[in-house]
Amino acid sequence: MNKKKRVLTGDRPTGKLHLGHWVGSIKNRLELQNSPEYDCFFIIADLHTLTTKIRKEEVLDVDNHIYEVLADWLSVGIDPTKSIIYLQSAIPEIYELHLLFSMLISINRVMGIPSLKDMARNASIEEGSLSYGLIGYPILQSADILLAKAQFVPVGKDNEAHVELTRDIARNFNRLYGQVFPEPEVLQGELTSLVGIDGQGKMSKSANNAIYLSDSDATITEKVRKMYTDPNRIRATTPGRVEGNPLFIYHDIFNPHKDEVEEFKARYRQGCIKDIEVKARLAEELIHFLKPIKERRSEFLSKPLALQNVLEDGTHKMREVAKVTMEEVHDKFGFSHKWRSLLK
């Protein structure tokens, strides 16, 4: 009997992944995937993309972004032989479960989730103009989680409220109809985000402050050269602040030569080293770190049929999991068996 605990996580296909994804989620995903304790489900959440990107040209872009996200995942080590990788929109059971769950939670409860307003603000949507789909985004996310019967969900602090809503929905369903769903728990990694190269909040595509896993060596060097450091350090002889300085945050994470990093910090505090020297070494380490990832990514993108096969295989596996869950839901919910054949 399989005693492994299920974990579900994923990404919206809005473009290429960046170092913030690596620090905040991918590194943790690899540890979970390679642990004997967990079965991992990785969802490419294309339906979630539609909640804030519904224009025709944006929808058409999703297909290309699906391949990019998948190539990024595979290039960093997400393994389809160890994990289930699937496309959200190709799982019809998600739609049904989303609808059922929408009956089990109030609008006020959903609207109380802080990240919902943040999403609207980032998409330049006024609160009074929120679409039904965007309001229902957290419920759709609950359907993703509970369809897989995930017991753990790796999220940052800004998304903990989504998992708590999922727990409420699972609790409500189990109380009303009978035990089907686990109440998932938050699983946090060592780090949940990475500051952007501009020093203004976490790294993100929308903030234009990201270094992408696929950036060229020249682009990486240029982005690091422009990286925000200590604004009060006017010249190299001015003692600089290390704490909270993006330059040293990145060195701590990506430079494996810890003695060198500590030497840089000491000299920086004393005003005995130029920013450009510290930045040059960071660029070298980032280029070295990303080189094998970029090589594998290029190889995967050159074989779109192989990527398609990976996604199809994983989606078929998830369909089997989904069917088992929905059989239990139908039985507990009380749908008549005599009409079940109409669903096939």
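Glycine is treated like the rest: Cβ placed from N, Cα and C.
Remember, it's a predicted structure, so these values are computed and weren't measured experimentally.
Binding of ATP is attributed by Swiss-Prot to ARG12, PRO13, THR14, GLY20, HIS21, GLY156, LYS157, ASP158, LYS202, MET203, SER204, LYS205, SER206, and within the candidate set LEU165, LEU194, LEU213 the record adds LEU194 to that site.
Take the CB of THR14 (ATP binding site) and look out to 10 A: across all protein chains shown you find 20 other CB atoms. Sequence-distant neighbours of ASP144 (L-tryptophan binding site): residues of the same chain at least 6 apart with a C-beta under 8 Å from its C-beta are LEU8, GLY10, ILE43, ALA45, GLN88, ILE94. Confidence in the motif ''KMSKS' region' (202-206), given as mean pLDDT, stands at 89.
Looking only at the binding-site residues ARG12, HIS21, LYS205, the densest Cβ neighbourhood within 10 Å occurs at HIS21. Its own atom aside, the Cβ of LEU194 (ATP binding site) has 23 Cβ atoms within 10 angstroms in the protein chains shown. The Cβ of MET203 (ATP binding site) has 23 neighbouring Cβ atoms from other residues within 10 Å, across all protein chains displayed. Here the Cβ of LYS157 (ATP binding site) has 10 other Cβ atoms within 10 Å, regardless of which shown protein chain they belong to.
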